[in-house]
Amino acid sequence: MVSVLLPVSLLLAVLLLIPEVFGDFTAYQIGLYLIYGIAAQGIGYLWGKTGVLPLGQALFFGFSAYVTASTLRAGNGLGIDLLLAFTVLAAIAVLAFLLATLIFRGRKESGPYFSLITLALVMIAEQIAGTATPLTGGFNGMSGFPSLGNLDPFGSFYYVIAAATVLVSLLLFILNRLPVNLIAKAVADNEPRLQLLGFPTHVIKGAAFAFSAAIAALAGGLFASHQGIVTPTSMGFGLSAEMVILTAVGGRFHVLGPLIGAVIVGWASAELRDSFPYWELLMALAFILVVLKAPGGIAELLETVYRRIRPATPGRRAPSIAAPPSKPTNASGALRFDDVHLQIGVVRILNGVTFDTPSTGIISVIGPNGAGKTSTLNAITGNLQITGGSIALGSRNIHARPPYKALRSGIGRKLQVPSVFFSMNVSDNLALAMMANRARLVDLLRPATLHWRSESLTELLKRPAVPLQEDLVAPVAHLPQGHRQFLEYAMTIASEPRVLLLDEPCAGLSPDETALMTELVRTYQAQTGGLVIVIEHDMSIVQAISDKVLVLHLGQVLAFDSFDKVRSNPEVQAVYAGGTK
Ligand SMILES: Nc1ncnc2c1ncn2[C@@H]1O[C@H](COP(=O)(O)OP(=O)(O)OP(=O)(O)O)[C@@H](O)[C@H]1O
C-alpha cells in the first residue's frame, strides 16, 4: 500500500503548495497543464500497458468540453451539471468500448488500424465542430458560460483540477496492483498467448480504451470550465498529437509520467514562446531526443536515478491461496476431423484431412517438415480458419471459433517456440495462467487472485527436477530455453484442460529434461483421463508415449495407427527413408 500512498500523498502536497508558493496566476497556468496531463494519463494507460496507441483522444476531450459548455450555459445548477457530467463520461466510455471491440474483433494483433481509425475520427470531428455553427459556435467556438459551481478559474477552480489529478492518479496506482493490470500488460507482451489462455483480447483492449476515453472526457469537462471557451481545436488532431507527445516525453509506463510531461512541456513552451522564435522546432527536437534515447520518458529516467540511490529490495512473497476450480467446459468425446481443407492464398496447407481420435490417450503427430502438423493444431484452436470440412470435439463443432474460445472448450495449447510473457517474471506468468478459465470479473479486481495456486500446479512446482521453483522472481527473458518450455507447459496445464495440444514440447531439452517432460505428459494424461496430442520428431519419444500415431504428409493423413503398425507401413517408410525424422 506504501507504493500507492507515498506518491499520491507527495503529489497532493506538491499540488497544494503551488498556489501558496507561486501565486494564483501560475496555479491557473499549471491547472491547464494538469488538465492536458490527466488526458495524457489516459493515453499512458492504454499505450503503456496494452501497446495500443490512440491518435484521436481529443475526440472525447473536445466532445465532453462542448457538452460541458452547453450544460454550464444552460445554468441548471451544480447538481444537474454534475449528474450530466457523469452521464456524459459513462456514455463516452460505452461508445469507446463498442468502437474498439468492433475494430479489434477478429484481428489477431493490435496493428496500426486502430490508431489510424482514431486519427480519421478526430479529423472528421474537428471538421464537424467547425461547421456545425448552431451547435458548436463554428470556428469561433462556444464562450460566455460560467465555470462549474461558479468557481473562479483563477482561484478556487484550481483545487477542483488538483483533486481530479490526485483521484485519477490514485485510481491508476490502485489499478497497477490488481490482476487487471497484469492482463492489460499481457496484451502488449504476447497477445496470441493471452488468447490461448482464454482471454478475449478485443474486449480487454476495448475496456482499456473506454477507460482512457472516460479520462479524456473528464479532462475535457475541466478544460471547458477552466478556459471558459471551447473551439474546434479542442477536438482536433493537433491536440490529439500533442497529448501523445506529452505522454511519450513524460513516460507512458508510469502513472505520473504523463503529468510530468504535460507540466514540463507546457511550462517550457510558455517560457520559450515569447523569447525564442523557433521554440516549436526546439520542442520537436526535444521530443525526438526523448523518443530515441529514453523511450520510457522522463519518469523512467527519474526512476533510474532514484533506484541508484535506493535500490529496490525484493518484497516478501505473499503466501499462495488455493485457487477456485476451473470452470466446467463440457469438453468430452473424440476429436474428429472430417475432410478438412486449409488454404491461405494459393498455399494449400491441409488437403482433406480426416481422422477420428479416441476420446482419451496420447496421440503423437509426426511427419516431415511442412507436412501440416502445426497447422492441424492451429485449425483446432482457431489460429487458422479452415476453408472446408469440419472439426468436432465430441458432438460440438469447434472449427469456426476464435482462439480465445479454445480453452473454454477445454482445449489447452502449448506452442512450438515457447510462448510466454517475456517482459514479466515467472510468478506473473503463472498468475496469468491460474486466472485462465477460473477468474470471474470480480476476481480480476482482487489482489489476492495474483496468489492463486491450484493443487496440480503446486505439485508440479514441488518436483525438484522442474526448474521453475527457484526461477519464480526471475524475468522470463533471462530463462534458458528448457526452463521456458517447462514454464509454458505449466501455464498450459494450469487450467486443467481435457484436451492438451503440445507442439514439440521436448525441443531444446537435455536428455534428463526430455525424460521429465515425457513423464509429466504421461502423468497428466493418466490423472485427467483426457486426450493429449503431441507433435514430436524424436521417434524414441513417440514410441515411448503414444497410444496412436498420426502421420501427416503434404497436408494429408498418411497413416493413423499404433506405433508398431505405423513403423511397418511402407508408405510411411518411403516418406521417412533416409533419416529418423
Ligand atoms: N500462416 C501461414 N501462411 C502461409 N503458409 C503457411 C502458414 N502456416 C503454415 N504455412 C505453410 O503450410 C505448410 C505446413 O506448415 P506447418 O507449420 O503446419 O508444418 P509442420 O508440419 O508443422 O512443419 P514443422 O515440422 O517444420 O514445424 C508449410 O509449407 C508452411 O510454410
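Positions of Cβ are set from backbone N, Cα and C atoms, glycine also.
As recorded in TrEMBL, the features of this protein are as follows:
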{"type": "DOMAIN", "residues": "335-579", "note": "domain 'ABC transporter'"}
{"type": "TRANSMEM", "residues": "55-76", "note": "transmembrane segment"}
{"type": "TRANSMEM", "residues": "82-104", "note": "transmembrane segment"}
{"type": "TRANSMEM", "residues": "116-136", "note": "transmembrane segment"}
{"type": "TRANSMEM", "residues": "156-175", "note": "transmembrane segment"}
{"type": "TRANSMEM", "residues": "203-224", "note": "transmembrane segment"}
{"type": "TRANSMEM", "residues": "244-269", "note": "transmembrane segment"}
{"type": "TRANSMEM", "residues": "281-302", "note": "transmembrane segment"}
Quiz item: To the transmembrane segment (82-104), which of 55-76, 116-136, 156-175, 203-224, 281-302 is linked by the most Cβ pairs under 8 Å?
Solution: 203-224
Exercise. Return the stretch with the most CB pairs under 8 A relative to the transmembrane segment (281-302), choosing among 55-76, 203-224, 244-269.
Key: 244-269
Quiz item: Cβ pairs under 8 Å with the transmembrane segment (244-269): which stretch of 55-76, 116-136, 156-175, 203-224 has the most?
Solution: 156-175
Quiz prompt | Confidence summary (mean pLDDT) of the domain 'ABC transporter' (335-579) | solution = 91
Quiz item: What parts of the chain pack near the transmembrane segment (55-76), using Cβ distances under 8 Å and only residues at least 6 beyond its ends?
Solution: 39, 42-43, 84-85, 88-89, 92, 96, 115-116, 118-123, 125-126, 129, 135-136, 142-148, 212-214, 216-221, 223-225, 230, 232, 234-237, 239-241, 243-244
